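Here is what Swiss-Prot records for this protein:
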ACT_SITE  His135  active site, proton donor/acceptor
ACT_SITE  Lys139  active site, proton donor
BINDING   Ala79, Thr80, Thr81, Ser103, Ala104, Asn105, Met106  NAD(+) binding site
BINDING   His136, Gly145, Thr146  (S)-2,3,4,5-tetrahydrodipicolinate binding site
Amino acid sequence: MKILLIGYGAMNQRVARLAEEQGHEITGIIVPDKNNNYPYPTFEHISDAEGADVAIDFSNPELLLPLLDEDFELPLVVATTGEKEKITEKLEELSQKMPVFFSANMSYGIHVLTKLLEVAVPLLEGYDIELIEAHHNKKVDAPSGTLVKLYDVIKELKDNVNPVYDRHEKNEKRQPDDIGISAIRGGTIVGEHDVLFAGVDETIELTHRAQSKDIFANGALKAAERLVTKPKGYYTFDNINN
């Protein structure tokens, strides 16, 4: 594949390295600071990257959202977290004319975790639920896009949910519909996500721990390889392999 990268931070640098190791070609990058000495051609617009087969985005909403308003038909893999509703709304529109893929976490293991939640939440009705995520000290957004994804899965399965982000502001006992959401930032933690079900005299945890950021880069590459074979449409890990 010939790949256009949107953003060239730590994640897309990994994508570039792994892509070239696997025989793919990086045709260029879209970055906000074009004066840096990048190893690839820089572009302002997606449509400028002639010859690209697919674009892979690991950037931020400030860079990505204006690009999604442009006129292009290049298959697009998006992994940006933050401003999820705005991004997915624009991707839904673009999917009417080209294939697009979105995931808040490019790890297939996280996708499996969401499927486990779909089984566990109905079976553990009445258990208190807490969501905890931990990342490195350079991650900006909190809670992580992945934790939001896990919360969204739970919200679809329960009649009423009340997210609680800051307990020190609540001077009352925990309510049955509360879902505690906690974010930890420190060191070089790649990414950890825990779903805690607390019942009477027992707890059950579902946990995913990323041991290398390569899992996200490889996940994006595998999604791109599938996406370029697909007709127009909106794809996620739920349907990309159909």
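Just so it is clear, glycine is given a Cβ too, placed from its N, Cα and C backbone atoms.
Sequence features, as recorded in Swiss-Prot, placed on the structure.
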residue	record	Cβ contacts under 8 Å, 6 or more apart
Ala79	NAD(+) binding site	Met11, Ile56, Asp57, Phe58, Phe102, Ser103, Ala104, Asn105, Met106, Phe216, Ala220
Thr80	NAD(+) binding site	Gly7, Asp57, Phe58, Ser59, Asn60, Pro61, Leu64, Ile87
Thr81	NAD(+) binding site	Ala104, Asp141, Ser144, Gly145, Thr146, Val148
His135	active site, proton donor/acceptor	Ser144, Ala183, Ile184, Arg185, Ile189, Val190, Gly191, Glu192
His136	(S)-2,3,4,5-tetrahydrodipicolinate binding site	Arg185, Gly186, Gly187, Thr188, Ile189, Val190
Lys139	active site, proton donor	Arg185
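In the three-state DSSP assignment, the secondary structure recorded for Gly145 ((S)-2,3,4,5-tetrahydrodipicolinate binding site) is helix. Largest Cα-to-Cα span within the NAD(+)-binding set Ala79, Thr80, Thr81, Ser103, Ala104, Asn105, Met106: 11 Å. For the NAD(+) site, the Cβ centre of Ala79, Thr80, Thr81, Ser103, Ala104, Asn105, Met106 serves as reference, and the other residues of the chain with Cβ at most 8 Å from it are Val78, Phe102, Gly145, Thr146, Phe216.
DSSP classifies His135 (active site, proton donor/acceptor) as strand under the three-state reduction. There are 19 other CB atoms within 10 A of the CB of Gly145 ((S)-2,3,4,5-tetrahydrodipicolinate binding site), with all protein chains counted.
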